Amino acid sequence: MSTLSIDHVSRWFGNVVAVNDVTMTIGPGVTGLLGPNGAGKSTLINMMGGFLAPSTGTVTLDGQPVWRNEQIYKQIGIVPEREAMYDFLTGREFVVANAELHGLGAKAAARALATVEMEYAQDRKISTYSKGMRQRVKMASALVHDPSLLLLDEPFNGMDPRQRMQLMDLLRRMGAEGRTVLFSSHILEEVEQLASHIEVIVAGRHAASGDFRRIRRLMTDRPHRYLVRSSDDRTLAAALIADPSTAGIEVDLAEGALRIQAVDFGRFTALLPKVAREHGIRLLTVSPSDESLESVFSYLVAA
Amino acid sequence: MYDPTVARLTYRGLLGRRRALVLGALPVLLIVISAVVRALTGADDQVAHDVLGGFALATMVPIIGVIAGTGAIGPEIDDGSVVYLLAKPVKRPTIIFTKLIVAIAVTMAFSALPTFVAGMILNGNGQQIAVAYTVAALVASIAYAALFLLLGTVSRHAVVFGLVYALVWEALFGSLVSGARTLSVQQWALAVAHKVSDSSLVTSDVKLPTATVLLVVVTVAATWYAGRKLRTLTLAGEE
């Protein structure tokens, strides 16, 4: 059982602040590190893995500093986001080399390859592997020494749905065994399926922490915003505002469109086409203006 | 201090890619040139001295040193695969020292060995010229490997800087500006070669004690600093 503590950690590159005063504790089980692209997740994971010094603050694993401490890697397994991994070796040679660097042998490597179900392709060169196979061999190299902390940077990137399911099962199992598993992702659905506990990073700041459902509810409590263009904006606006699913409508003259805030997502999406048909109005554009993960996160930051 | 797994990965990285072709091209060229020269001029000590000093030691050894020294670590840092070495309970100086040994061995194999063969072809080791330049190549291999391994650790443009050093500083400045010769691995190696072989044709502008001290200091300092840099190597994210 290991606990990773991030204490008032900031990291800047020149004038750019990538991670801003983040404090969090990652305990046993699966934790998702969620945030839009460029939010600082990789920077944070690099600091957790000891590959980047915090500009201020400390990262410790069970009280031991992670930075400039090679011995800490006896307890940490790392699955980096980058693809490069000694492509001239076979999968087996690669995992055996990783085992040897931990002072272990071929037996540990064979066990790790079996865990990720890669025995069938272990004697093929890594350069011939698909993305999912590479990811699994990376997993095997990270698991070879039976670490108590597993750090995975965007592990599902580029995987097909089947491979994704397999890796999720494996990570769930690791978490259930009492390991501390932290993975980063910018895809809400991935995190939803795998982690009950999440840490949210937005623009380098720690935006939210805790149970996924609670945070998701916080997100859905916010009104949904739509931009609608129609053949008769004002008639449509009048008809929509009469229904309780709509909280507010603004006529945007510059855009020639309506900006609608809907509080009941399900009811509104059924209401809009119905109202349009009843009044003989043609809908020209209906586009959600805040569905992106980033705008959902910005609610969290503001919350 | 020496890790066989790190060594194996480094050897395979160095000798398995296109680098092996580049590493092999210059020695082959040296031997071909030597054979042609011998056929045209016969065994001539001065010609042997010119070919081995002008091409083998001044050009081939540093270029092989650049390829082996920077190639022992640079590509891994560039593509990020070095993370698999760094995320292990292995001391960073051990990684650097192991890579240095590999870089030295490869540089020696691809430079000193062909230099000896070329020397034997050119004049059959007359006036100990083949032996002298082989010793010079062996000595220079150590210093070059250490210098260029450091360069590969600190810079993403290590090959370019290495080639500029090898070709502009060693080959050009070294032959034009006398002061530059004091700070030239080639001259240090020649000082050692002169002492070992006692060849009157192989001489150096640097005295042996100075050369020895400089060789040791440069090799040790470069290796120590590379180990230190690797300890704080930052693998920035792709964001």
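The backbone N, Cα and C atoms fix where each Cβ goes, and this holds for glycine too.
Remember, TrEMBL labels are computer predictions, not curated facts.
Taken from TrEMBL, the feature transmembrane segment covers B:20-40 (among others).
According to TrEMBL, the feature transmembrane segment maps to B:52-74 (among others). A Cβ distance under 8 Å defines the sequence-distant neighbours of the transmembrane segment (B:52-74), meaning residues of its chain 6+ beyond its ends; these are 10, 13-14, 19, 22-23, 26-27, 30, 33, 82, 96, 99-100, 102-103, 106-107, 110-112, 114-115, 118-119, 122, 129-130, 133, 136-137, 140-141, 144-149, 151-153, 156, 158-159, 162-163, 165-167, 170-171, 174-175, 185-186, 189-190, 202, 226.
The annotation transmembrane segment is assigned in TrEMBL to B:95-117 (among others).
According to TrEMBL, the feature transmembrane segment maps to B:129-151 (among others). Residues 45, 48-49, 52-53, 56-57, 61-62, 64-66, 68-70, 72-74, 96, 99-100, 103-104, 106-108, 111-112, 115-116, 118-120, 122-123, 158, 161-162, 165-166, 185-186, 188-190, 192-194, 196-197, 199, 201-202, 215, 218-220, 222-223, 225-226, 229 of the same chain sit 6 or more residues outside the transmembrane segment (B:129-151) yet have a Cβ under 8 Å from a Cβ within it.
Residues or ranges marked as transmembrane segment in TrEMBL: B:158-180 (among others).
As annotated by TrEMBL, transmembrane segment applies to B:208-227 (among others).
Most Cβ pairs under 8 Å to the transmembrane segment (B:95-117), among the stretches B:20-40, B:158-180, B:208-227, belong to B:20-40.
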